[in-house]
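J.: Can you read through this structure? Questions will come right after.
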Amino acid sequence: MENLIALLIAAPLLGAVVLLCGGRRLDRTGHWLGTALAGASFLIGVVLFAGMLGESADERTLHQRLFSWIPVEGFQADIAFQLDQLSMTFVLLITGVGTLIHIYSIGYMEHDERRRRFFGYLNLFLSAMLLLVLADNYLLLYFGWEGVGLASYLLIGFWQHKPSAATAAKKAFLVNRVGDIGLSIAIMLMFTTFGTFAFGPVLGSVGETGEGTLTAIGLMLLLAACGKSAQVPLQSWLGDAMEGPTPVSALIHAATMVTAGVYLIVRSGAIFNAAPDAQLVVVVVGAVTLLFGAVVGCAKDDIKKALAGSTMSQIGYMILAAGLGPIGYVFAIMHLVTHGFFKAGLFLGAGSVMHGMNDEVDMRKYGGLRKHMPITFVTFGLGYLAIIGFPGLSGFFSKDKIIESAFAKGGAEGWILGAVTLLGAAITAFYMTRVMLMTFFGEKRWQPDAEGHEPHPHESPRSMTIPMIVLAFGSVFAGGFFGIGDRFLNWLEPVTGYDHGHAPISAATVTTATVVVLLIGVGVAWLMYGRRPVPVLAPRGSLLTRAARRDLYQDDINHAVLVRGGEHLTRSLVYVDHTLVDGVVNGTAASVGGLSGRLRKMQNGYARSYAVSMFGGTAVLIAATLLMRAV
Amino acid sequence: MNPVNYLYLAALLFTIGAAGVLIRRNAIVVFMCIELMLNACNLTLVAFSRMHGNLDGQIIAFFVMVVAAAEVVVGLAIIVSLFRSRHSASVDDASLMKL
């Protein structure tokens, strides 16, 4: 059974190699090959899952050791995999959603002449992401971590002829690099502290380690998670990453890669449990980001950027839950899975809308599309109801649990976090309703473009609608399936542990409050965007709206602090280099030159002057000898 | 006669020779001054030999004379060829340094 684990990764990797090295002759069949291998990986995942269900809860972890990667005395790194319930959840999500998005891309990328390469990159992403979640040590996880970063870079910049896409890809890569430094420092700290970086020994010997070291490791892991999962302060790349093709946004920047940070924190749960200070920082980051993303999502007119703000906010929920410790780990992952369904569905819906609207992304130029794209409307609508947490749908079960856990943290912290998550739920309802109303309801607002082509909104081909329908099913039923009877909790508890916490208010109260804030959010959005027509040109808006449109000045802050600061730093370094370092070097050279110029004069070629120095030297020597004798 | 007087004479001769080497420009004179220094040394050697009743110094004096004779042969040859090429026997003119 465990021999299948490597095949999970090998299948998409084979696809990536064949598609990227195969050349033009694969142009007509490449996308089928890529999709088939992604599907094969999913089937292997299902087989492994079925095998895992057959075991008892404590014996479900599988290990496979392929070979020794870096065998050095005192430094052992293996290519070895660990498949437990947590990895399994990710494997099914990655390969399942991944396969659906491969199918969707067949239709979406039909007219792109570089489609084969696109599928190669997608397969590369799948194999790297699977490596990330299946690794049994932090070093191999880091390998996968960098792999998904590379795939993300290649796919964001897939339309590299657009300068904006090329810039966005570079931005994502650079910001991620900051987080990656955190991960590499964390791994180095682990190696110096524990002498190894395999999950088992590291997480098992946490009890014998000082809290200071664990806090440092935890904070570095959090930095890594912030980079990959677009959390404050490393959030700025996600909005621009929407320059990539929409299936990429759905797969990488909504469902899977951006959740790697949550995986990292949950996987390293033992470290965070023993370092409450690090946990507190995790919670703060999650809370800040969930409001940050939500506020940004409210102001964006670009449908994909609005969804990107929402992704940031929902991952903020997951990070917050992961920071709560054993109270929240399970629910962080549960929200991650349901979010994978509905957010991927929403992005695919957005892609379908763009497909029908000549790649227009401005929601102010949509309006009334429900008549033209019924399937997209229904699937997008179900995803919408799921994300705002409409009772009975996926998001309701998972988000409600996170809000309960936040309250269950106890004390003032619990109240603050509970309030923040409730506020976030209200804003989520507001901005998603806004997206929904501006896109599918109201009057048509589209106009002919500069060349006089009026868009003719139409339903997308079946290869695109079928994945959307499947994901809509997931959006509707996954949450209930996981939540009712605590199925998901029982499944993950052996890996992550679980703690009830001390809830100050009953679950029913929390649920009622959630539904109330949800209705308030929807109501406000309807008053602003449903009851009166949406202007085609964006009004100036309030101070907050304008700030949110500019992503709450994230780029301005980065520019002012990091870019300007960096420029000043380099400028002063250059100045020091020119004056101090060059001064010392040039001064030494000049003084040596001057001195030798003087000394040169002694070599004048007159035999008599040489004779004088010889006689003088001899006289001095004799005098010195006599003096020494006398003394 | 007190043999120490020979040492005084030898010191005087050596000093005259050294001063000549340092001061005079004519290569022949410089050369003769070197011979003077060598002979001053010989005189010292012989005087010490006499003072210590030991023949070693006299033997070394013979060696010095042989070496000096050989040196004269080579040195004069150099000076003659130098004079032929430069029409001058001044030691300072022989400097080729670019200062």
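Using the three backbone atoms N, Cα and C, a Cβ is placed for every residue, glycine included.
So TrEMBL lists the following for this protein:
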- A:30-54: transmembrane segment (TRANSMEM)
- A:69-119: domain 'NADH-Ubiquinone oxidoreductase (complex I) chain 5 N-terminal' (DOMAIN)
- A:89-106: transmembrane segment (TRANSMEM)
- A:118-135: transmembrane segment (TRANSMEM)
- A:135-420: domain 'NADH:quinone oxidoreductase/Mrp antiporter transmembrane' (DOMAIN)
- A:181-203: transmembrane segment (TRANSMEM)
- A:209-227: transmembrane segment (TRANSMEM)
- A:248-266: transmembrane segment (TRANSMEM)
- A:278-299: transmembrane segment (TRANSMEM)
- A:375-394: transmembrane segment (TRANSMEM)
- A:414-437: transmembrane segment (TRANSMEM)
- A:466-485: transmembrane segment (TRANSMEM)
- A:505-529: transmembrane segment (TRANSMEM)
- A:610-628: transmembrane segment (TRANSMEM)
J.: For the transmembrane segment (A:118-135) and the transmembrane segment (A:248-266), does the number of C-beta pairs under 8 Å, pairs 6 or more apart in sequence, reach 3 or more?
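T.: With 3 or more qualifying Cβ pairs, these stretches touch.
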J.: Who are the long-range neighbours of the transmembrane segment (A:375-394) in its own chain, taking Cβ under 8 Å and residues 6 or more past its ends?
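T.: Beyond its ends, the transmembrane segment (A:375-394) has Cβ neighbours at 310, 314, 338-339, 341-343, 345-346, 348-350, 352-353, 356, 369, 400, 425, 428-429, 432-433, 435-436, 439-440, 459-460, 465, 468-469, 471-472, 474-480, 514-515, 518, 521-522.
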J.: What else in the chain is close to the transmembrane segment (A:209-227), if you only count residues 6 or more beyond its ends and a Cβ gap under 8 Å?
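T.: Hits for the transmembrane segment (A:209-227): 145, 175-183, 185-186, 189-190, 193-194, 233-235, 260-262, 264-265, 268, 271-272, 274-275, 277-279, 281-282, 285, 319.
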J.: Restricting to the same chain and to residues at least six past its boundaries, which positions have a Cβ under 8 Å from a Cβ of the transmembrane segment (A:248-266)?
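T.: Distant Cβ neighbours of the transmembrane segment (A:248-266) are 86, 90, 93-94, 97-98, 101, 104, 122, 125, 129, 132-133, 141, 145, 148, 151-152, 155-156, 158, 183, 221-222, 224-231, 238, 241-242, 272, 282, 304, 307-308, 311, 315, 318-319, 322-323, 329, 332-333, 336, 339-341, 343-344, 346-348, 351, 496.
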J.: For the domain 'NADH-Ubiquinone oxidoreductase (complex I) chain 5 N-terminal' (A:69-119), what are the DSSP-based totals of helix, strand and coil residues?
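T.: Within the domain 'NADH-Ubiquinone oxidoreductase (complex I) chain 5 N-terminal' (A:69-119) the tally stands at 29 helix, 13 strand, 9 coil.
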J.: Counting Cβ pairs under 8 Å to the transmembrane segment (A:89-106), which of A:30-54, A:278-299, A:414-437, A:466-485, A:610-628 comes out on top?
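T.: Of the candidates A:30-54, A:278-299, A:414-437, A:466-485, A:610-628, A:30-54 scores highest.
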J.: So, taking each listed stretch (A:30-54, A:278-299, A:414-437, A:466-485, A:610-628) in turn and counting its Cβ pairs to the transmembrane segment (A:505-529) that are under 8 angstroms, which one gives the highest count?
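T.: Looking only at A:30-54, A:278-299, A:414-437, A:466-485, A:610-628, the most contacts with the transmembrane segment (A:505-529) come from A:414-437.
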J.: Do any residues, 6 or more residues outside the transmembrane segment (A:30-54), come within under 8 Å Cβ-to-Cβ of it, and if so which ones?
T.: 1, 4-5, 7-9, 11-12, 14-15, 18-19, 22, 60, 62, 83, 85, 88, 91-92, 95-96, 98-99, 102-103, 105-106, 109, 115-116, 119-120, 122-123, 126, 130
J.: Looking only at residues six or more beyond either end of the transmembrane segment (A:414-437), which have a C-beta under 8 A from one in the stretch?
T.: 283, 287, 290-291, 294-295, 297-298, 303, 306-307, 309-310, 313-314, 316-317, 320, 324, 363, 380-381, 384, 387-389, 399, 402-403, 406-408, 501, 504, 510, 513-514, 517-522, 524-526, 528-530, 534
